[in-house]
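Here is the structure we will look at.
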Amino acid sequence: MVDGLLQVEGGRPLSGEITVRGAKNLVPKAMVAALLGTTPSVLGNVPLIRDVEVVSGLLTLHGVQVDYDQTAGILRLDPSRVEAAHVADIDAHAGSSRIPILFCGPLLHRLGEAFIPDLGGCRIGDRPIDFHLDILRSFGAVVDKLEAGIRLTAPDGLRGTVIELPYPSVGATEQTLLTAVRADGRTELRGAAVEPEIMDLVDVLQKMGAIISVDTDRIIHIEGVEELAGYRHTALPDRIETASWASAALATGGDVFVHGAHQSHMTTFLNIFRKVGGAFDVRDDGIRFYHPGGDLRSIVVETNVHPGFMTDWQQPLVVALTQADGVSIVHETVYENRFGFTKALCKMGAAIQVYRECLGGTACRFGQRNFYHSAVISGPTPLRGADIVVPDLRGGFSHLIAALAAQGTSRVEGINLIDRGYEHFMSKLGSLDAKVTRLA
Ligand code: EPU
């Protein structure tokens, strides 16, 4: 059995207020950046999620003193005694997160070597690390693949370089930033990802003393510096968690105020939410998302890198689309295999077909490669409770939404996966008046 079993009595609108703290896809990277400083860093708005625990563990193994005040959400990281960790200890973290790959640059700068265990993260496609290794080699790192992971050394130090990414990968852009800031000379990165979380990491690095300019057309220039200091920073809010609760409000016919949500990071989501028939009110302290009554409308939407519609917004929205009137099309262009979660929705009564073709939008790199990466959702279809197993983080949250929207009882297995990215989701469900009971 996969860890965590939840019983959900569905068919009740989610209603109430919750708080969303710092972004899962920024906080662990800002924690890694602290390794580059000569003095302690302080990060605020840090949520209690599994990825933060994993990175805290890895930093501790490398001699960083980590102090986390969970209630205040304040993390203090002191890197003054960074040291090499034992391979076996690092390996104990294998399979639990993809963040370790971002330790490479900072560890090479601090220690001249790095060991990276086999990587985990969600099973949503192959998720290779070829861009990362090519980037590190381009800076002058020597990469040895071992059975348990990857060993890197930099016998001649790391030098600035010119990198052209084949795809605007979030992780590869972060890899370049975290390595270039202390490399010798200038680095030019072309084809960079420009997600808000990356811009927040640029802010963190600039506070530390880095010189980074984000130019037009996805070009970033970095001038390496000899020393970086610690930073003080408040993480931007999690726009994926915000959108997840928004879709949950819509799918259940509910009304949820998300404290801490920012409009500027969510423009594309808000446009789609409104087109589907959802309503929202933006306030200084957050955003209220609600179902205003009437029918939801079908839509054609394509996921893409920022400023497009995020891949991570797709799965929760698909649940709401099962309740929309007509045929919706979702074309996934970031990951080749992100519709596995729809099987469980069909078991609950949804009418969703997945296709290999690029439907409803421009042709993408998966069109010729036999991946089921387009979904056609016909609605509205009432959902009924069922026994389902969580496949991955975002797919899992979508299953939870489906169970909350469905008539009758569902048993959702494997909910511990959801802890990776949704802080205190059980108590948040409680404050939104959901009827959920943890069975195991
Ligand atoms: N890719 C390669 N080679 C590489 C790296 C990426 O082919 O070396 C491909 C991937 O397979 C994918 C595409 O490039 O098809 C984009 O991947 P990207 O590198 O942008 O993703 P990532 O950095 O691994 C982060 C988030 C994901 C989010 C994506 C896209 C973190 C820890 N993860 O992943 O978040 O979906 O960017 O925005 O920041 C999640 O939060 O549930 C999640 C999966």
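Quick reminder: no glycine exception, Cβ is built from N, Cα and C everywhere.
The UDP-N-acetyl-alpha-D-glucosamine site recorded in TrEMBL includes ARG98, VAL334, and the single candidate from ASP78, ASP89, ASP312, ASP325 that the record places there is ASP312.
Taking the Cα atom of each, LYS24 (phosphoenolpyruvate binding site) and ARG98 (UDP-N-acetyl-alpha-D-glucosamine binding site) are about 12 angstrom apart. LYS24 (phosphoenolpyruvate binding site) has a Cβ environment of 23 other Cβ atoms inside 10 Å. In the predicted model, the domain 'Enolpyruvate transferase' (8-429) has a mean pLDDT of 94. Overall, the recorded UDP-N-acetyl-alpha-D-glucosamine-binding residues ARG98, ASP312, VAL334 cover a maximum inter-Cα distance of 17 Å.
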